[in-house]
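Right, one structure below, let's go through it.
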Amino acid sequence: MAFLLHQARFYTTVNHLRDLPPTVQPEIAFAGRSNAGKSTAINVLCNQKRLAFASKTPGRTQHINYFSVGPAAEPVANLVDLPGYGYAEVPGAAKAHWEMLLSSYLATRSQLCGLILMMDSRRPLTDLDRRMIEWFAPTGKPIHTLLTKCDKLTRQESINALRNTQKGLDAYRDQGVKGKLTVQLFSALKRTGLDEAHELIESWLRPSVADAEGAPVAQ
């Protein structure tokens, strides 16, 4: 079958939780540090050049961007591009706004069926990456990590990054986290890991898509 993600288009932008769309379709959120390559990864996954825009000033994008997936008349899911985090020059008020927006969305959005977490393969599992995991993990829903820009690593460095990140994620299971925590190497430039990421994301959506039509509208 054709990749579901290739049928993605811009839907809406929100800056406050009260403005989140009252949709019933399942959602997959994409999160990551500024400069982790999140926008580029979304574009490659969706086979489009300019679906997700990267701000010229890292860390300045403060909105949640929604992209609908599936037929335009009857979309079956939404991809949710969350604001990048961790850029040092962002004002404190903006950081506080992002923290509230991200933590509340991840913890309470009932339509959310999984989180794709982008980490630069050269610097995985930063303190802020761990904070994202800790906000979302209590929901019991899966988190899949893309170790981006792996083309910048040697083969052995890639192996080490993958092993060490998986070890770090396994520690959360030892602490009682119930949701699946998985990781893979990914390069938008070389298209490394693209098929693996497609298959995993669509596996999250398929059972949810089957149930979405009869689900109640959630705020």
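Keep in mind that glycine also has a Cβ here, set from the backbone N, Cα and C atoms.
The domain 'EngB-type G' annotation in Swiss-Prot covers 24-207.
Annotation for GLY32 (GTP binding site): spatial neighbours LYS38, GLY84, TYR85, LEU117, MET118, MET119, ASP129, THR148, criterion Cβ-Cβ under 8 Å with sequence separation of six or more. Look at Swiss-Prot and you will find 32-39, 59-63, 81-84, 148-151, 186-188 tagged as GTP binding site.
Taken from Swiss-Prot, the feature Mg(2+) binding site covers SER39, THR61. Counting every protein chain shown, the Cβ of SER39 (Mg(2+) binding site) has 22 other Cβ atoms within 10 Å.
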SER39 (Mg(2+) binding site) versus binding-site residues HIS63, PRO83, LYS149, PHE186 - nearest by Cα: PRO83
CB contacts for LYS38 (GTP binding site) [other CB atoms within 10 A, all chains]: 26
Long-range Cβ environment of PHE186 (GTP binding site), under 8 Å and at least 6 residues apart: ALA41, SER121, LEU146, LEU147, THR148, CYS150, THR192, GLY193, LEU194, ALA197
